[in-house]
Amino acid sequence: MSGGDMAKPLLGHRSMEGDPSITPAAGRTIGVLGSGDFARSLAIRLVCSGFKVVVGSRNPKRKAGLFPSAAEVTFQAEAVKKTDVIFVAIFREHYSTLCDLADVLAGKILVDVSNNTEINHNKESNAEYLASLFPACTVVKGFNVVSAWTLQSGARDGNKQVLICSNNQEAKRSVAEIAQAMGFTPVDMGCMSSACEIENIPLRLLPAWKIPIFLALGLFLCFFTYNLVRQVIHPYIREQKNKFYKIPVEVVNTTLPCVAYVMLSLVYLPGVLAACSQLYYGTKYRRFPDWLDQWLQHRKQIGLLSFFCAALHAVYSLCLPMRRSHRYQLIETAVKQAVEKKMNIWVEEEVWRMEIYISVGIIALGLLSLLAITSLPSIANSLNWREFSFIQSTLGFIALVISTLHTLTYGWSRAFDENQYKFYLPPTYTLTLLVPCTVILAKVVFNLPCIQQRLRRIRRGWEKGRYVKFVLPSATGEYSSGETSSNV
Ligand code: NAP
């Protein structure tokens, strides 16, 4: 899994936490316009953080009971007069109803917390629209990525980052101070033109997961169809045996490990391709093709989906003996054995194969769990770069090798058994081995001293055929300059 991906904060912008220019803000009076869910949660959090809160409502009498007693609930104009920083906790379509307050609002900081219902719904962001309605105010976009629930329960129970942007540095700092005093981590997203991006963030549905999910579904569908043909359709057509009962558990359970195993190898394949590209071009400064870039960025999600499928496979496998079909088969075998008067059906090789197969599978699942846990931002942040890279890269590769052993002990000699080729289709496990074995082989080759050394040099900035300037003293004592290739 990608080290960079998980080591960096949720958003690649400057965190304002620990900024010496941010001073404690608690004790100030903060205004809130609106008395809905967000305004209420905001008021509770502000009061708990030591601020004085004044809420501006169109109907203060009716709404006062909803707020903590420490917060003052009054008419909008009254509230605005009492403070310099005002959170506008109302929807964009109602902003124009505040125009009557333009005079009292002049010179104040307005914090736009609003969200849209669709991505890029309006031409200009809500914050820019608010700024256009109140040119005498300074507008700061912020707090929209935090839900009313997170506000109420405190920063510890939700996402701690509060994204802030504004064209006015002073106003931005002021709002950052408030966010920090409330226990959030303010993140500077730059000037007001970022407001649109900030407003789109809560509306995105798992943007980093789309490709990995489609990949997992695609693989699942392919392997499921393949297994269905081999385990159900083939016996039905060739021997008129009804094995359709196998579809919900057995076929799914033979499909899941295939997906988990191939997905795990797909976490490491782009790294191999990237290394091949660097070796071929002799530089690390050449851009990878877009598809490889995308692939590298999605390794964490691909790895987590691999773990998910592996965990499901483990649960399915544990439940196999619970099935009625399994019990019938056991009794059938016992009766057959009694009829044939067979006393001993113990096959030593089979026993050993199964013991090793299960043990190796458990170890592989354990390692995958470790990889999944350490990819969580809170855990990843507590590891240094070396620890993180050891777990994700070295242990991850070991997990791939152990999963390969698990697959091989499962398959054993089936690949060489003619009866296993249903409709001339080889056993599924032989197909799953293709990509992982390629990755393992490539990793072994990259670890050969001559190749490893070249890769290391490239990754430290060395380039094939790069010309460097040199300066030599001539016989007359003068200096002459020229160029030479750095790889000579
Ligand atoms: P809400 O419960 O519907 O409250 C909206 C408030 O706006 C009303 O209580 C009302 O208070 C006030 N308002 C002022 N002028 C109004 C008018 N002309 N018509 C109707 N209401 C008017 O909404 P909310 O969930 O608190 O959301 C408020 C803002 O916060 C929205 O922009 C939303 O996008 C943003 N936000 C909400 C959440 C969340 O989790 N809820 C999260 C992030 C951002 P008075 O009647 O007292 O004037």
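Glycine residues also receive a Cβ, built from the backbone N, Cα and C atoms like all the rest.
What TrEMBL says about a protein is an automatic prediction, not a curated fact.
Given the structure is predicted, the values throughout are model-derived calculations rather than measurements.
What TrEMBL lists as domain 'Pyrroline-5-carboxylate reductase catalytic N-terminal' is 29-116. Across the domain 'Pyrroline-5-carboxylate reductase catalytic N-terminal' (29-116), DSSP classifies residues as 39 helix, 23 strand, 26 coil.
Annotation source TrEMBL lists transmembrane segment at 211-229 (among others).
Summarising the annotation, TrEMBL assigns domain 'Ferric oxidoreductase' to 259-401.
Residues or ranges marked as transmembrane segment in TrEMBL: 259-281 (among others).
The transmembrane segment annotation in TrEMBL covers 302-323 (among others). Beyond the transmembrane segment (302-323), the same-chain residues lying 6 or more positions past its ends with a Cβ under 8 Å from any Cβ of the stretch are 1, 212-213, 215-216, 220, 249-250, 252-253, 256-257, 259-261, 263-264, 266-267, 361, 364-365, 368-369, 371-372, 375, 396.
The feature transmembrane segment is assigned by TrEMBL to 356-376 (among others).
TrEMBL lists 388-408 (among others) with the feature transmembrane segment.
The transmembrane segment annotation in TrEMBL covers 428-450 (among others). Sequence-remote contacts of a segment are chain residues at least 6 beyond its ends whose Cβ falls under 8 Å from one of its Cβ atoms, and for the transmembrane segment (428-450) they are 223, 226-227, 230, 254, 257-258, 261-262, 264-266, 268-269, 272, 275-276, 397, 400-401, 403-404, 407-408, 410-411, 414-415.
When the domain 'Ferric oxidoreductase' (259-401) is classified with DSSP, helix, strand and coil residues number 119 helix, 0 strand, 24 coil.
Within the chain, the transmembrane segment (356-376) has long-range Cβ neighbours (under 8 A, six or more residues past its boundaries) at 1, 6, 260, 264, 300, 303-304, 306-307, 310-311, 314, 383, 388, 391-392, 395-396, 398-399, 402-403, 405-406, 409-410. Same-chain neighbours of the transmembrane segment (388-408): 1-3, 6-7, 257, 260-261, 264-265, 267-268, 303, 356-357, 360-361, 363-364, 367-368, 370-371, 374-375, 380, 429, 432-433, 436-437, 439-440, 443, counting only residues six or more beyond its ends whose CB sits under 8 Å from a CB of the stretch.
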